[in-house]
Amino acid sequence: MTPTPELSGAEVCVIIPAAGSGTRLGEPVPKAFVDVGGRTILERCVDNIPASLGATVVVVVPADLVERASALLTGVRVVAGGAHRSDSVRAGIAAAGHAGILLVHDAARPLTPARVFTDVVAAIRAGHQAVVPAVPVVDTLKQVEPGPAGLERVTRTVDREELRAVQTPQGFTRDALLRAHADDAGIATDDAGLVETCGIDVHLVPGDPLAMKITTPWDLRIVRDMVGGR
Ligand code: C5P
């Protein structure tokens, strides 16, 4: 892959969509504002971005929490998000200035190691338009359909060797992410999915178990235990 000369020195902006309610967590505040070991999940996400990237950071939060987030975080731009994740990402893109490399990183992944950020950026600088961290799938996966008496019926076993679970930060050239969001039909659960529908190749770098996403109370417990044990 030939490095793209204009990207070798391009600025990096990390957009953190944190405007979800996170109701599956069962906490009284939106997920990004939940406390983990004395600091919010959102603060931990921002702190994990390696300073070596020299990145600007845009954090997207619910409109009524813009003031709260601005008080919690220093050196980041805070903007209001929208009803869907992709609306929030678009609000982040609008606040990202002219950075040539855009990373989108879920606020739900507060333990993501610095290495994952630097690998994603290095692969974009090397000439890829879209780069996503991913890990192998360890469970056997079944495709199912509704069955009698509320029990789903298995229709086939999926070959897990061909599958990867993708994480964030997901990295894109500015052009790729703008194209993806210009065509957004609102169906993808991640930005790479939107990029794929534009016909742009998405490449993978190794993810990390620590980049796990907090979705359920169980995930929150695991992350709290890990932070406590550090
Ligand atoms: O709900 P889920 O965990 O999939 O959300 C992934 C990320 O997208 C979270 O960081 C969440 O705060 C963010 N999000 C957002 N705006 C929304 C919905 C989700 O920024 N309207």
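Start at 1 and count along the chain as shown; that gives each residue its number.
Glycine is treated like the rest: Cβ placed from N, Cα and C.
What TrEMBL records for this protein:
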- ARG24: site 'Transition state stabilizer' (SITE)
- LYS31: site 'Transition state stabilizer' (SITE)
- ARG160: site 'Positions MEP for the nucleophilic attack' (SITE)
- LYS213: site 'Positions MEP for the nucleophilic attack' (SITE)
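On the structure: features taken from TrEMBL.
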residue: ARG24; record: site 'Transition state stabilizer'; contacts (Cβ under 8 Å, 6+ apart): THR215, THR216
residue: LYS31; record: site 'Transition state stabilizer'; contacts (Cβ under 8 Å, 6+ apart): ALA18, GLY20, SER21, GLY22, LEU25, ILE41, ALA107, ALA108, ILE214
residue: ARG160; record: site 'Positions MEP for the nucleophilic attack'; contacts (Cβ under 8 Å, 6+ apart): PRO136, VAL137, VAL138, ASP139, THR140, LEU141
residue: LYS213; record: site 'Positions MEP for the nucleophilic attack'; contacts (Cβ under 8 Å, 6+ apart): ASP106, ALA108, ARG109, GLN167, ASP219
Could you tell me which three-state DSSP class ARG160 (site 'Positions MEP for the nucleophilic attack') falls into?
helix
